[in-house]
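Pulled from TrEMBL, these are the features on record:
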DOMAIN    99-312  domain 'ABC transmembrane type-1'
TRANSMEM  9-28  transmembrane segment
TRANSMEM  101-126  transmembrane segment
TRANSMEM  138-159  transmembrane segment
TRANSMEM  189-210  transmembrane segment
TRANSMEM  247-273  transmembrane segment
TRANSMEM  293-319  transmembrane segment
Amino acid sequence: MRHMLRRIIFYILALWASVTLNFLIPHLSPGNPASAMMSRMRGKLSPQAQHALEISLGVNHDSLWSQYGQYINNLMHGNLGTSITYLPTPVSEVIMQELPWTLVLVGTALVISFVIGTLLGIIVVWRRGSLMDVVLSPFFTFISAIPYFWLALVLLYVLGSQLNWFPIHGGYDSDVADPGWNLDFILSAAWYAVLPALTIIIGSLAGWLLGMRNAMVTTLAEDYVLMAEAKGLSPWRVMFSYAARNAILPNITAFALSLGFVVSGSLLTEIVFSYPGIGFAILQAVDNLDYALLQGIFLVITVAVLAANLMADALYVVLDPRVRISRS
């Protein structure tokens, strides 16, 4: 309990440091959202109109400490500012529109890759030296070295452009009459998500497989596994109930940590497939110098990553009795 309290205090301080840094970087940069917007649109305004635009975008010329206090106050009330990319839409609304796309795509792909990769890692190490081990381990080691964007381009070219099996851009069919929670839209969105999801699954599968394989190699030499084999238990029971059950702990911790990065999505994958989501919103914000949107997105990502780290700490203590004993 004392250990978890220390971790919670640490993550609160880390969140405060991240929020402060998130405030300082744009405010110490030259210019402001209003001037960036006018520069992008190549327009000219009178001083009065420029001042009115700055007020609508939340720009003020007070001292840095005063602006910092106002920023914290706005965060406490859920006000993340106004996006100049989607003017006059609030940043919070933009994030809530884009976030579900990323959560469904990356979250689903992460779960699928974790389950398949972990199962393959168990089977491969149980059959060490077999053809499966000789082929799969080097193959996935090679796959893990391939950049996401290159893998996405290959899948887009082969499965989308040449074979025409899947759509190559967008989030759903433009012919869908009523985008929303209806069967036509869900089926269309799922079909358009196949290639981006496949890119993420293939790209991350190697990490789960190799991580589980390495952990299983160590676990198989433990006395309790050898004792279970000596008792004459079935190979499948020894593999799953004794060896895999303990070897999977590092993978579960890594999976919990990965949940935090689900929010950030896969930036390059979303860009290659022009898929709506947080990654594509970041690209739009950078292109338009939309500091408010960038701040809001990075804040959401920071909170998600810190929460996932805290969950991983708690999960590891629950799953591994040795950790509870050593920390007590």
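Heads up, residue numbers simply count up from 1 along the chain you see.
Even glycines carry a Cβ here, placed using N, Cα and C.
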Checklist entry - Are there at least 3 C-beta pairs under 8 angstroms linking the transmembrane segment (101-126) and the transmembrane segment (247-273), leaving out pairs fewer than 6 apart in sequence? => result yes
Checklist outcome for this item: In the same chain, residues at least 6 away from the ends of the transmembrane segment (189-210) whose Cβ sits under 8 Å of its Cβ atoms read 104-106, 108-110, 112-114, 116-118, 120-121, 124, 136-137, 140-141, 143-144, 146, 148, 151-152, 155-156, 159-160, 166-168, 170-173, 251, 254, 266, 269-270, 272-273, 275
Item to check | Among 9-28, 101-126, 138-159, stretch most in contact with the transmembrane segment (293-319) (C-beta, under 8 angstroms) | outcome: 9-28
Checklist outcome for this item: If one takes Cβ-Cβ under 8 Å and requires six or more residues beyond its ends, the residues near the transmembrane segment (138-159) are 165-166, 168, 195-196, 198-200, 202-203, 205-207, 209-210, 266, 268-269, 271-273
